[in-house]
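Everything below concerns the one structure shown next.
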Amino acid sequence: MIFAKGHGTENDFVVLPDLDAALSLTPSAVAALCDRRRGLGADGVLRVTRAGAARAAGVFDRLPDGVSAGDWYMDYRNADGSIAQMCGNGVRVFAHYLRASGLESADEFVVGSLAGPRPVVLHGFDPARATTAEVTVEMGKANQFGAGSAVVGGRSFDGLAVDVGNPHLACVGITADDLAALDVAAPVSFDPALFPDGVNVEVLTASVDGAVSMRVHERGVGETRSCGTGTVAATVAALAHDGADTGTLRVRIPGGEVTVTVTESTSYLRGPSVLVARGELDPHWWHAVAG
């Protein structure tokens, strides 16, 4: 049972090539795999398969809107084993893995997800330097759906609710010094009526010279070094804070920097991907943790 390990701005993933979608990704198996002491350690798991194979295996009952049976499909699981609709950093790593492993020969193709199709572009990919890549993902339209508040690190923040294929509350206005000192790892509280399935919470500075700084508490994970969909939500909120609906911002997260462009009809996330390891999981260990 082979695997790869990669990260997008230090949001790290275990990649499991499983073209027939035959693996039993139980919550207990995913949680063990992502545990940094008893497994490989990661913020999530990316199963590499085709959408048609995932449907046939019962991963979902019907193809997500806009996704074809022949499309690559990113079956993404959070570190606690729960299923997530979308992960922007994960799509970059997923696309990079496909190209670096030879499963995909084109530099532009579509990655399917529960949130729908995500077109990707690998910029100047060099097979001789396949461990690194620069990838743009078309993330779709980011939709605002209200205002809310959250308590993070003992402080209350007002924010903008944004749907990027998954729910976010992006809270603009903290100073850079206060952001650095904020305890984002602690559990957060939020309005369950607005976010019945939980929410990813971003706390960020207002934009200065075309850039913001952000930290994120991801549902099912806790604080991560980066969150791709979160950077899109943060950009939408920062632009709205400045009275704009569209624009481009650089978003600085603890794991690095990405560039997000928001248009009237869609959004784009561009950033790095790094593949750091390949290996083989012990089948006896896997069967033991899969339950």
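Backbone N, Cα and C define each Cβ position, glycine as well.
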Among ASN143, ASN200, which is the one Swiss-Prot gives for the substrate site where ASN11, ASN78, GLY88, ASN89, ASN166, GLU218, ARG219, GLY228, THR229 also bind?
ASN200
With a 10 Å radius around each C-beta, find which of these binding-site residues (ASN11, ASN166) has the fewest other C-beta atoms nearby.
ASN166
Additional residues surrounding substrate, by Cβ distance to the ASN11, ASN78, GLY88, ASN89, ASN166, ASN200, GLU218, ARG219, GLY228, THR229 centre under 8 Å:
ALA84, MET86, CYS87, GLY90, VAL216, VAL221, THR224, CYS227, GLY230
Helix, strand or coil: which one is ASN11 (substrate binding site) in, per DSSP?
strand
Inter-residue Cα distance where the pair is CYS87 (active site, proton donor) and ASN166 (substrate binding site), in Å:
8
Tell me, if you would, which residue among CYS87, CYS227 (active-site residues) has the fewest other CB atoms within 10 Å in the structure shown?
CYS87
How many Å lie between the Cα of GLY228 (substrate binding site) and the Cα of CYS87 (active site, proton donor)?
6
